[in-house]
Amino acid sequence: MSIKSDRWIRRMSEQHGMIEPFEAGQVKQANGERIVSYGTSSYGYDVRCSREFKVFTNINSTIVDPKHFDSGSFVDITADECIIPPNSFALARTVEYFRIPRDTLVVCLGKSTYARCGIIVNVTPLEPEWEGHVTLEFSNTTPLPARIYANEGVAQMLFFQAAADDICETSYRDRGGKYQGQTGVTLPRT
């Protein structure tokens, strides 16, 4: 698999709707102020998180169980920024909707601006023929509250394309993946 450049990302997004909405360059300012950048970079695409957040709370003192997840463990917030409590996490979703080609795998890495503040972004790889808004998990590893900004860059997507003779036999769509076509912040499913 080879990593794909800005030219490929632009072409696939503009001609095939791989990323919508799509920003062909890097956006570093909004309303005359510097922001955490988003858009196309040399070998990736920096995504934004939407204004939709789910902040984890221990109000119910439950056990976190991915097979029997209690949605009451979250507080829903719609805002331009989100405060994550110390040693806790929040879920959000990308502004961008993705349609991944059958010969492509996408890996997500956190942006260094957040990582240097102790905020870690975790996302499972976007598999071939998956589509939807990406649910993002932000871990605040610090003993202090941490702030996330909506509509600014939060993570970078790296695109890897398989050789023509090595395309997967079964894609995410073929398997009927449980997160196919997700919109909004999506909680764990089994």
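Just so it is clear, glycine is given a Cβ too, placed from its N, Cα and C backbone atoms.
Here Swiss-Prot has Lys111, Ser112, Thr113, Tyr114, Ala115, Arg116, Thr135, Leu136, Glu137, Tyr172, Gln182 binding dCTP, and the candidate from Gln29, Gln156 in that same listed site is Gln156. Mapped onto three states, the DSSP output places Tyr172 (dCTP binding site) in helix.
Neighbour counts of Cβ atoms within 10 Å were compared across the binding-site residues Thr113, Thr135; the minimum falls on Thr113. Of the recorded residues, Ala115 (dCTP binding site) and Glu137 (active site, proton donor/acceptor) place their C-alpha atoms 13 Å from one another. Of all the binding-site residues listed (Lys111, Ala115), Ala115 has the fewest other CB atoms within 10 A of its CB. Site extent for dCTP: among the recorded binding residues Lys111, Ser112, Thr113, Tyr114, Ala115, Arg116, Thr135, Leu136, Glu137, Gln156, Tyr172, Gln182, the largest C-alpha separation is 33 Å. In this view, Glu137 (active site, proton donor/acceptor) is surrounded by 16 other Cβ atoms within 10 Å of its Cβ, with every protein chain counted.
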